[in-house]
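Notes follow the structure.
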Amino acid sequence: MAIISETSDDGSHGGVPNKKPEELHKNPKEDDHQEEEVENHPPIPRQIPQALIRRTVALIKRCHYPSLSLLSKAFRIVISSPELHQTRSSLNLTEPVLYALIGFPPHSFPNWFILNHNITRNIPLRLSAIGSLPPMNPGSAVVTIGYKMYVIGGLIGPNNPVKTVFVIDCRVHTCNYLPTMHRARYRAVAEVINGKIYVIGGCEKRYDDWIEVFDVVTGIWSTVPDRSHFMSSLPGGGFVTSVVMQNKIYILDATCGLVYDPIDGTWESGELGTTLKSYWYKPCCVIEDLLYSFDPYCLQGSPINVYDPNVMVWTPMMGTGIRAFPDLDYFECKMANFGGKLMVFGATYNNPVTDTWCIEMALIKGETGPILGMIDSMVPVLRSVYSPYIDLCRSVTF
């Protein structure tokens, strides 16, 4: 509850208030009667109900929440409450929020940045560093559920992977450690299926614990036996990247594409894996069960290709906006699903500074023909002296 104070505004300064001439002729009994009526009124509440605070805060744009949480304990309690997320959802006020993990090797480890997308006062779109979050371990896997990001494994030194897992609350930019995994992992696959986090690889394969599952409700890790012959071809057991389509985990290995169905514990590769890998590169994301990936070589005439798992075919994304891209290094770009729009992050190098660009694209799908990409915005959002490495970008909703 937030405490408010009452103040006196009777116009007196310690003495008897001056009366107007007409007040001198009033009947004192009338004044007594009015005082009795006032005394019978319910007292003014000295506390604002949490429900009222919550509904008021729900109307405020989420970009102000981290600053608002610093004002008082009452605001921190409301902003970090699950009820606020439920209130915003019921009012259809939830917003996608985009985070990027960017480092400047060898000068700094990757740090989290937030994209200020709907900021007020005509401040341009920009990436802002989040000082309250610690640097991330290289090679961590990151998944999102609602307004939370789960950071899994990574390296804390040369050849020293860790079992640690922590969760970031994006509403107030705080993090808390969770129970550790059974295995230490580096560049593992981590994806969410039916509200559970599946972690695959990132370590040498052992049949009994190469796959682990985290139940976010109970906070318990469990292992999934896997006696298949599928494994990573990379040293240390890591993978290039992964996505989820049709409740299956699609994995890009250095030599092939793999598909894991966690419901029945089966794997697919073969012809599917060959077709899947033909235009799949690390910069990728899934929007409405379609896989979007950069093709640095533009082999199909477009820098972005789209994979449909229903027909197992890659098609180039078209649109005049794609030809307007700045001179990005496509190998180092990153993609994200931003509320159904395609977000692209990439850098251009203009000595002595480097600009990191954000390109927001609306997707137009017809009954037939290729998907069209229309640019909504294309602006530099971060300028730096050192060359950035964009490790990943993720969107959350709150």
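Every residue gets a Cβ built from N, Cα and C, even glycine.
Features of the protein shown, as given by Swiss-Prot:
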REGION    1-46  region 'Disordered'
COMPBIAS  19-32  compositional bias 'Basic and acidic residues'
DOMAIN    43-90  domain 'F-box'
REPEAT    148-195  repeat 'Kelch 1'
REPEAT    196-241  repeat 'Kelch 2'
REPEAT    243-289  repeat 'Kelch 3'
REPEAT    295-342  repeat 'Kelch 4'
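The average pLDDT computed over the repeat 'Kelch 1' (148-195) stands at 96.
Secondary structure counts, DSSP: the repeat 'Kelch 1' (148-195) has 0 helix, 24 strand, 24 coil.
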